[in-house]
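Asker: After the structure tokens below, expect a handful of questions from me.
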Amino acid sequence: MKEAKFIFVTGGVVSSLGKGLVASSVGALLQAHGFKIRIRKLDPYLNIDPGTMNPTQHGEVFVTEDGAETDLDLGHYERFTGIKATKDDNITTGKIYHELLKKERRGDYLGKTVQVIPHVTDLIKSFIFNGTEGLDFVICEIGGTVGDIESQPFLEAIRQVNYTLGKQRVILIHLTLIPYLAAAQELKTKPTQHSVRELNSAGLQPDIILCRSEKEIFDNQREKIAKLCNVSLSNVIPAPDVSHIYELPVLYSQCGLDTQILEHFHLSKPKPSLTEWDQIVHSIRHPTQEVTVSIVGKYTEFPDAYKSLVEALNHGAISNKVKVKINWVNSREKEEKPIGEKLQNSHAILVPGGFGDDGVEGKILAINYARTNNIPFFGICLGMQLAIIEFARNVVKLEDAHSEEFRNCKHPIVKLAGDQDDDLGGTMRLGAYKCNINANSKMMDAYSNTTISERHRHRYIINSDYKDDLEKNGLLCSGISEDGTCIEAVELESHPWFIGVQFHPEFQSKPFSPHPLFVSFVKAAIDKK
């Protein structure tokens, strides 16, 4: 039975350098070489998961097929490799300590003093090794920055893995920043030297250093890094900025990253097939035209809050051979005129999911603008719920129509799903659910299938008591959950393209397999133009 090899990706100097994209690109390249891989994320924060974290702090919450609320990097892993992530692919310090304390209360430690070493580190190692049978490579990204106090148990666990398995089964990639000082007109390697020494102090020596920089890194600078950080010159690899993330697998292959990884493990190096990635990059660089899609939300100053959504639009654009220009519109704007002015040049309008009543009326104004001006509209999760509320108010004439999530009202179009408790964490309808599609609908035109499976993340559902009134007035309930209890999709029959879905189709879209709804939505934007 083959034994998996482990690739650990750490980051230094600053956060948000793109460790997740490095891990994703390495995974894609190893797949292209014919290897079976899996990518995991180790997050040092104390939350159990990011489910209750503010998107402005953490970015979007990516939902896996099996219902785990995870870090947005798992979305990158799926999009680059096509491998569905699971709840076993994301661990946090909070989850580790939660499990640790449960074991201690059960008496699993037989009266021993419970400590970071070995008990916390053993649980981290258990996560790293779990379910790796039959894999060639397991890629583990460590969140945060080397030197953070929260990262220390994870680095110690990696040190122990490295000690136990040896270099024949472990490689460490360190992503670092080489800042450019405009005043001195030169790149500075000193922060990288200090970052590597911090890593050394944890008992770890990087095998490969990836140098992120906005300027070209020359050989003399690479030689300096190699000499002072004790890494071979061929393993000091530039990681220049790119205009689009899907350029990265081809770029890293050209820089020799996959070659150096395989040489480290003394593996043969058949030439990888990157034709699919070349085609994707070509489509991005050579669009036939540009369309403008307005995204109306309350986190528009923080695009990472809508990471999968933006990527799904890009996938729809790639499929249609166009470029999507995103017009970010803050839904906290409650006046009709300013909203209209901000949307007037839109070829399509999208209202994404969200929580809380802040910005709700602004979204409803945007939905009304799309409906009454025949502009293609896509409502996702809360976006669908608000589209139905807008329709109920202005077409069905239920003036007090609203959602139980926000206030008591005479016509609760949206209600709480089933039995819920007061805790916010882990109480939602999460993960993949099947849905039956109306055969005579735009949904059917997009999917070409009457049964679909999509991922959900919501606590409230559409009140089915209003289904007949909605359909009688022209809003078709075109998607119903498999058990018949939830309205999953609606569409306006008299509109060129007006669809709302309760689920999150963006979580399943990939550059080489774009989601059919986003392909259809971008096509509608092209037709509108």
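Think of each number as a place in line: the chain as shown, counted from 1.
Each Cβ is built from the backbone N, Cα and C atoms, and glycine gets one as well.
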Asker: Of ARG222, ARG285, ARG459, which does Swiss-Prot put in the L-glutamine site with GLY354, LEU382, GLY383, MET384, GLN385, GLU405?
Answerer: ARG459
Asker: Of ASP66, ASP71, ASP73, which one shares the ATP site with SER16, LEU17, GLY18, LYS19, GLY20, LEU21 in Swiss-Prot?
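Answerer: Candidate listed by Swiss-Prot for the same site: ASP73.
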Asker: Let me know the DSSP-derived helix, strand or coil state of GLU141 (Mg(2+) binding site), please.
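Answerer: In the DSSP reduction, GLU141 (Mg(2+) binding site) maps to strand.
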Asker: Please give the maximum pairwise Cα distance, in Å and rounded to a whole number, for the L-glutamine-binding set GLY354, LEU382, GLY383, MET384, GLN385, GLU405, ARG459.
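Answerer: Output for L-glutamine binders GLY354, LEU382, GLY383, MET384, GLN385, GLU405, ARG459: max Cα distance 14 Å.
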Asker: Work out how many Å separate GLU405 (L-glutamine binding site) and LYS190 (CTP binding site) at their Cα atoms, rounded off.
Answerer: 52
Asker: Does DSSP give GLY354 (L-glutamine binding site) helix, strand or coil?
Answerer: coil
Asker: For GLY18 (ATP binding site), just count the other CB atoms lying within 10 A of its CB, please.
Answerer: 20
Asker: Quick one: average pLDDT across the region 'Amidoligase domain' (1-267), no decimals.
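Answerer: Averaged over the region 'Amidoligase domain' (1-267), per-residue pLDDT gives 94.
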